[in-house]
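Dropping the structure in here first, questions after.
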Amino acid sequence: MKLEKYQEAIETSNIVSKTNIEGIITFVNDEFCRICGYSKEELIGANHNIVRHPDVPKETFKKLWETILAKKVYKSTVKNRAKNGTTFYVNTTVIPMVNTQGVIEEFIAIRYDVTDTVVLTEALKHKEEELEQLNSTLEERVQSQTMQLKDLNRNLERRVSEEVAKNREKERLLFTQARLASMGEMIGNIAHQWRQPLSELGIDLYKLKKLFGQGDQNAFLETYEHGKGVIKKMSQTIEDFRNFFNPNKPREDFYINEVVDDALAMLKGTLGSEQIVVRVTSEDKVLIHGFKSELIQVLINLITNAKDAFLESSCEQKYIDIHIARFDGRTLMVSVRDNAGGINEEILEKIFEPYFTTKQGSLGTGLGLYMSKMIVENSMKGSIEALNAGEGACFNIKVPIRLEK
Amino acid sequence: MGAELGNLKSLVVLFVEDENDIREALAGAIEDEFSKLITARDGEDGLKKFKKYKPDIVVTDISMPIMDGLDMARAIKAISKETPVIILSAFSEKERLLKAIDVGIDKYLIKPIDPDELMETLLHVAKERFATSEVIEVGGGYQFDKSKRVLVLQGEEIGLTKKELLFVSLLVKHLGTFVLHEEIKRSVWANKNVSDAAIRTFIKRVREKTGRGFIKNVPGLGYKIDT
């Protein structure tokens, strides 16, 4: 009774079939008929391979038969084909039924339908494959994009370095130009400085000629000595300029006061003829380090600019004030200030740009302040600023103090 | 030369120069050659002394404080058109020199000062200003008759066109010193547009007629006839 209940329970919840030892179907339940589409009449007496699916390899059946003929239980998910050709999957357990003599009497197969699961799994597998495919092409696409980007980058790098090289060349040209322009100005300054002593020498010679005729020996010797003094003065001028132009001078420690003195010595002739009074005040004597002649160049540029600014101003007395003082513990500041009316606020921020000039005609190259800025920033590791103060322009140069070790 | 310089002995000369050393040194060297040499330190001082001493000739630096040489010369010419003014200028002051044409400056001398050149120029200016004769001895044995406007070499008249004579008389007026290109253009061609090449060809022709050494080129400035 209890056994019958089990049987009923199994038969209603599972797909059940029985075959004889040759594999001929001897029993099927309704569930079996429903899933394969064959009737009981068609199934009973037929070989069980009636539901075999052609996709399933022979080895599978070989293994099944080996297992069950060895009186073992075979478990597997099997792909079958229904009468109408559709595929279904069943989780199958085949149990060999052995009698008391140990002989197989029949096989009972209990199955349950796993078609949905398998189909879903396959669909999932398919999706996964698609995804994988997508993934792999994505990787390819990313790789090709990356290649393009890399290519672009390399190009960009090349173009940037080309532009940088071009810029460097331009800057070098600019510097050569600025150097030539300032040399031209310097030669102008030498000419200016020599004009007066040359006149004095001319006058001395004329005097000597006259005194020779008159026989005044004392006056003759006096004039001769005067002429010698003038020549000495001219030699000194040449020496000042020669030192300045020497390009092979190394970095050195020097006092800013010397820079101011040297710059003024070279501009003496020019400043004198324009009636410009230069007042120098110095609070401290501090060592700095760098190329002295370059800083002299900066001072000359600033003073020359002030001188040119006076040409267009109408002030009564022209002053250039140069003030040297510590800005803080590590920085020294030199201010060059004039009373020539100052710089138009609109152009104040442009004045350090190359080729920017307010001077008329051949006077300005637009390179003086640019070069000054380059020298102060690159060579002296300092800074330069321009502002309007009082009745004129003021340039502040800040440079690091040489710290004693 | 002493006898010629004697001609200056009767003159009062005003010398205006802002450089103290130059002014004093030159005054010391040449003052005994004139009746009187007055010095001034700038244009304003010069104009004041011109009014006070009425000098015969004025020699002035071009760039000076307060009032420059040109402004002073303009003021002097306004008072006395006939008073010769000699300008001393540096080659680098060419821009200023061009303005001097309008002021009617009689002679320019380029700095540094050469006292010999200055004395010769003064002598010529004096001769021209006070000469009774219309015939001027110019260099190389040439004579120039100002009223008849003819150039003569050893009694022979040189055949020059009207324009060429205008050019020579302009140089003779500035005898011993140079005449600027711009002034030649202005005086001989009356400011008509004329190319530099045309001027060079013109001067080349005059030189062919007079001999190369007669008219000298002053590079970058102009031409001159030496004494």
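The backbone N, Cα and C atoms fix where each Cβ goes, and this holds for glycine too.
The following feature annotations were taken from TrEMBL:
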- B:12-126: domain 'Response regulatory' (DOMAIN)
- B:Asp61: 4-aspartylphosphate (MOD_RES)
- B:133-227: domain 'OmpR/PhoB-type' (DOMAIN)
- B:133-227: DNA-binding region (DNA_BIND)
Measuring CB to CB from B:Asp61 (4-aspartylphosphate), give everything in the same chain under 8 Å that is also at least six residues away in sequence.
B:Val16, B:Glu17, B:Asp18, B:Glu19, B:Gly69, B:Leu88, B:Ser89
Quick one: DSSP breakdown of the domain 'OmpR/PhoB-type' (B:133-227) into helix, strand and coil?
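Result for the domain 'OmpR/PhoB-type' (B:133-227), in helix, strand, coil order: 35 helix, 24 strand, 36 coil.
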On the DSSP side of things, how many residues of the domain 'Response regulatory' (B:12-126) fall into helix, strand and coil, could you say?
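Taking the domain 'Response regulatory' (B:12-126) as a whole: 61 helix, 24 strand, 30 coil.
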Along the domain 'Response regulatory' (B:12-126), what average pLDDT does this model show?
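Averaging the confidence scores along the domain 'Response regulatory' (B:12-126) gives 89.
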